[in-house]
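Structure first, commentary second.
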Amino acid sequence: MTAILERRESTSLWGRFCNWITSTENRLYIGWFGVLMIPTLLTATSVFIIAFIAAPPVDIDGIREPVSGSLLYGNNIISGAIIPTSAAIGLHFYPIWEAASVDEWLYNGGPYELIVLHFLLGVACYMGREWELSFRLGMRPWIAVAYSAPVAAATAVFLIYPIGQGSFSDGMPLGISGTFNFMIVFQAEHNILMHPFHMLGVAGVFGGSLFSAMHGSLVTSSLIRETTENESANEGYKFGQEEETYNIVAAHGYFGRLIFQYASFNNSRSLHFFLAAWPVVGIWFTALGISTMAFNLNGFNFNQSVVDSQGRVINTWADIINRANLGMEVMHERNAHNFPLDLAALEVPSING
């Protein structure tokens, strides 16, 4: 009898826990994805803060030349970064217990791998949590679909690219100047500016910003006046009211006359679908481009493609970009190799005598 009562109590406790986890009445929804999201993001954030402040230099290139990234080792907010895991580690899973000591783990850049893997798991769970809350509330799942774009972008630069290049040392450093360095080296090695998927991403981000600004300014400018001319239009509204606060017909008419009739949406759902889909699809393409360039399927190469009747090269902008790429490539990882692959000889010259 006692055992039965204990089992009922245990089941009841588990049931209450399940109800609390999945309750939409909590101030912040937790959800089953949140059970994994909370510890992973807390771990990534905590280690990032500690390492950004106090991590010792990391031997990123695996040539016994450590690079300093933390504040206590001479950096500031702009130059500081979490230095990627050493090329000596490559793609090996490198938790603390795989190193001979914590000092060795820090020297080889263990914190970078720890932060990145926990972060990617955390943001993936955040996306799942968005779907889960939408499901509980009877909503459609497109919020999580939209969030998949930045998740895909982060996964591309932190996981897919290192896998393709064979080492976590090629991942994006976690810092401001480190991000810019990653972009410059990526251009030098993969010619990303000449990749059509990157072009689609630029159109998505800049176009999304333009459309967002246009939509926000149109809505704000076409409020339905609920007040007299002598008082502010803002006085006619309450936050969260059910009634619409702007006139889409007026906005459609304004924009249709500003450009042309069919450049303007007269359906609110179509408009907002477009506002969501444009940047999301663009960022999807950029993430796909990074993931293909990770395996060295690079941007277009139009170098020396225009010649005169004598066979002399007439330089185009492609040749200017190529010269810049070579300059950037010979400058990075300056002590890891004498020449970049582009400038290395195909065959070792024979030596007589």
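Cβ coordinates are placed from backbone N, Cα and C, and glycine is handled just like the others.
Features as listed in Swiss-Prot:
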BINDING   Y126  pheophytin a binding site
BINDING   D170, E189, H332, E333, D342, A344  [CaMn4O5] cluster binding site
BINDING   H215, S264, F265  quinone binding site
MOD_RES   T2  phosphothreonine
MOD_RES   T2  N-acetylthreonine
SITE      H190  site 'Stabilizes free radical intermediate'
TRANSMEM  29-46  transmembrane segment
TRANSMEM  118-133  transmembrane segment
TRANSMEM  142-156  transmembrane segment
TRANSMEM  197-218  transmembrane segment
TRANSMEM  274-288  transmembrane segment
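This view paints the features noted in Swiss-Prot onto the structure.
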residue : record                                      : Cβ contacts under 8 Å, 6 or more apart
Y126    : pheophytin a binding site                   : F33, M37, L41, Y147
D170    : [CaMn4O5] cluster binding site              : P84, Y161, P162
E189    : [CaMn4O5] cluster binding site              : N298, N325, E329
H190    : site 'Stabilizes free radical intermediate' : M293, N296, N298, G299
H215    : quinone binding site                        : L271, L275
S264    : quinone binding site                        : A251, H252, F255, G256
F265    : quinone binding site                        : H252, L271, F274
H332    : [CaMn4O5] cluster binding site              : N181, I184, V185, A188
E333    : [CaMn4O5] cluster binding site              : D61
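With a cut-off of 8 Å between Cβ atoms, the residues of this chain six or more beyond the transmembrane segment (142-156) that come close are 119-120, 123-124, 126-128, 130-131, 134, 276, 279-280, 283-284, 286-288, 290-291, 294. Comparing 29-46, 197-218, 274-288 for CB pairs under 8 angstroms to the transmembrane segment (118-133), the maximum falls on 29-46. Excluding H215, S264, F265 themselves, the residues of that chain whose CB lies within 8 A of the CB mean position for the quinone site are, in sequence, M214, L218, A251, H252, F255, N266, L271, F274.
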